[in-house]
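Annotation source TrEMBL lists Zn(2+) binding site at His556, His560, Cys658, His662. What TrEMBL records for 1-701 is domain 'Alanyl-transfer RNA synthetases family profile'.
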Amino acid sequence: MKAEVIRRKFLQFFAERGHQVVPSSPLVPAGDPTLLFTNAGMVQFKDVFLGTDQRSYKRATSAQKCMRAGGKHNDLEQVGRTARHLTFFEMLGNFSFGDYFKREAIGFAWEFLTRELGIDPAVLWVTVHESDDEAARLWVEVAGIDPARIVRLGDADNFWQMGDTGPCGPSSEIYVDRGPEHACGPECGLGFCDCDRYEEIWNLVFMQYDRDLSGRLTPLPRPSIDTGMGLERVAAFLQGVESNFDTDLLAPLVRQVGRLSGRPYDPGPAGLPFRVIADHVRALTFLLAEGVSFSNEGRGYVMRRILRRALRYGFLLGLDEPFLGELVDTVGETMGEAYPEVVRYRDAVKAALRREEERFLATLAQGMRVLDEKLAGLQPGQVLDGREAFMLHDTYGFPLDLTVDAARERGIGVDADGFAAAMEEQRQRARAGRAVLAERLPAPGPTRFVGYGSLSAGPVPVGALYIDDDPVERLEMGQGGLVWLPESPFYPEGGGQVGDKGRLVGPHGVFRVTDTRRQGEVIWHIGEMESGWLEAGEAVHAEVDAGLRAGAMRNHTATHLLHAALREVLGPEVRQAGSLVAPDRLRFDFTLDRPLTEAERLAVEDLVNRWILEDRPVQVEERAREEALAAGALAFFGEKYGERVRMVTVPGASRELCGGTHCRSTGEIGSFLLLEDVSVGSGARRLEAVTGWGALAQTREWRNRLMEAAGLLKTAPAEVPARIRALQADLREKDRRLTARAEREAAQAVEALLRQAETVQGFRVLVARLEGLGAAEDLRRYLDLVKGRVDVAVLAADLGGRAGLVAYAGPGPRAAGLRADGVIRRLAPLIEGGGGGRPDVAQAGGRRPEGLPAVLDESRRLLQEMLVSTG
């Protein structure tokens, strides 16, 4: 089955079931700075789930373009190495905004997979959250799946949340079993390994809770559904191929790479370059077609990494000239019908790719010259040092395979173990940050910090350049590294305050400083060449980003005031346990074994703002450490202090030892707003806050949300809480009345139903069709009302264009051999449906309500036959 058919069937299936077909949103999320790229179908509905946006529909379905490269969701390094990882992919999804919930979501998924796509139910497995008994029960009731194929897992696998607070809930994932030949060993199984035997194809998220700041879960009044199914994965399974790259979505690109390179494709490890290029050019085409540009930051930087990775693997195939543009037409042929923009903008996409390829291929060529020089010094049979191979990888972007291939042609080996060891060292450094790297470098000499009174310095000579732990004479454009200056205005990370950012402007280029760290008395400027080049010995002008520094100063001084306010409100036993001072926010950890009360929170916030409004001076003095401590200055465990220290004082409020940068007076902070109070372990709390423009922006956002809510409620902003409480009370009363009315009507209807019951072999048997029902739950409610008053029942209804059946067998008929699930299995084909259940209760759904009269006739005949034969 072609991918385009799967996509069309999916959207049509849900459209027929009352879902609005919503076009894919762009890969760049609109108005959501927290995401680099759209990485799931629910992103465009995020505000709907949060309750801040309303749509004209309660059910939706979409085929969404997605990217997972960079940020939290990053599959880049796995692409091409596994059968399933991609940077760009399509996610098919269906969504319910407070309409249907678990039963329908499970029913829809099962019906689509087994009936629309024809997947054998015997190969399907599901996982549920370990506490979600309801979902586990519904999988058996609705789908009829063998309980042995339901696996319970914990939060890490089967609990989803949008953020630290807000809507969240358990999830249920559907897997296909690709067969024992794909097993990784005797312990292979869901929850035990992550091999390719069991492949997840659909994730159903049941948003049923609201998580507050304390972590408490409160049931949502209108639970919602968010599902996602990877189109490429489903296509691979249905097309009977081994990986996503063998599907009709990616195989044409793989074949085109083969034609361009003149080499045959190998589906094994040797085919890695083909798969990487096919995936990456598809991702780049879609991003460029949306107008995203290559750059050195954010999305543009991720794009640049993707392109360079594709070019590196192109080198392995002998592609040393720009070639990615020649694959763009193939992307259009496979994806253009669903996404016409990749055809409409293909010329612009090709031009952008060629410009970027030409820039980087020159760097690759330079790396090849370095490799040739190193190999020229070795004889056949000798081995290239693994650290040399890693230097080529790290400096010029050479994958190990390229170095091995070039060395093999000369009969030279490569120390793969040494390469792996160097790679692992780099990974450890990356995990700990480049600060760890800086500590390993030989100290060129002390740096004189001049940043307390100035945000610039220069001309200053470049004393040393490093790429990782290797000294170099020159940094080229695009290369990352570390720069040492004998004098610098850049504040290095310390005392909780993040390192400064900015730039070093030299005669031939600009080095973008993205972080500043300290090693003893040495300050390292960490970043990347933004343009041109930089050589050791050249003079540069060092320029700190003034806006970011000002934000950090406001937040650092505010952190001192917050600490002082906490000690004043809670007592002197409160101690600082950590902090983060960034330009846009501050975070303060302190000792307390409970959350702040609302009164304490307001008192702390009021006290800090009072000190700000009083515009008290911030006094900075350098003193002997013992003298400063004797004057009452606070010092903190874990901080290192010399014999001479800086003492920062806000008269009448705070006095601390601190080497950070601060405002000249508290009034420069502007304002202070507490945001969160969360636990960070036993006996410790964390407060987050914003100041100045950040506090104003946060207040405006809250005000806008309040005004929006007031507009929706048609009341004044001050009346919103009272209006919401009144609406809640009104809804509760209406629900009570509706429930009472429904129960009265149901009781009357049941009495009428029971008059239709007949006696067969001494058992009371009821076969009936009900009218005016809208959901399967209504049908089950009637079954619950007649259970115990008859011995056997089969009830049927047209549920808004879908046929529904339920059956009941009491203790007597079951003892005689009659089973409700057996009856349902016999009746379901008459409505082109499927179902199952237990011996006492079972149900079915189908697409053909016009078959219900035949169901009633067959029910009477079947029950007569079964009861007579058992009697």
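A Cβ is built for glycine as well, from the same backbone N, Cα and C atoms used for every other residue.
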Under 8 Å by Cβ from His560 (Zn(2+) binding site), same chain, sequence gap 6 or more: Val648, Val650, Ser654, Glu656, Cys658, His662
Chain-internal residues, separated by at least six, CB under 8 A from His556 (Zn(2+) binding site): Gly496, Gln497, Val581, Leu586, Cys658, Gly660, Thr661, His662
Assigned element (helix, strand, coil) containing His662 (Zn(2+) binding site), judged by DSSP: coil
Other residues, Cβ within 8 Å of His556, His560, Cys658, His662 Cβ centroid (Zn(2+) site): Gly495, Gln497, Met553, Thr557, Thr559, Val581, Val618, Val648, Glu656, Gly660, Thr661
Mean of pLDDT values spanning the domain 'Alanyl-transfer RNA synthetases family profile' (1-701): 87
Cβ packing number for Cys658 (Zn(2+) binding site), 10 Å threshold: 26
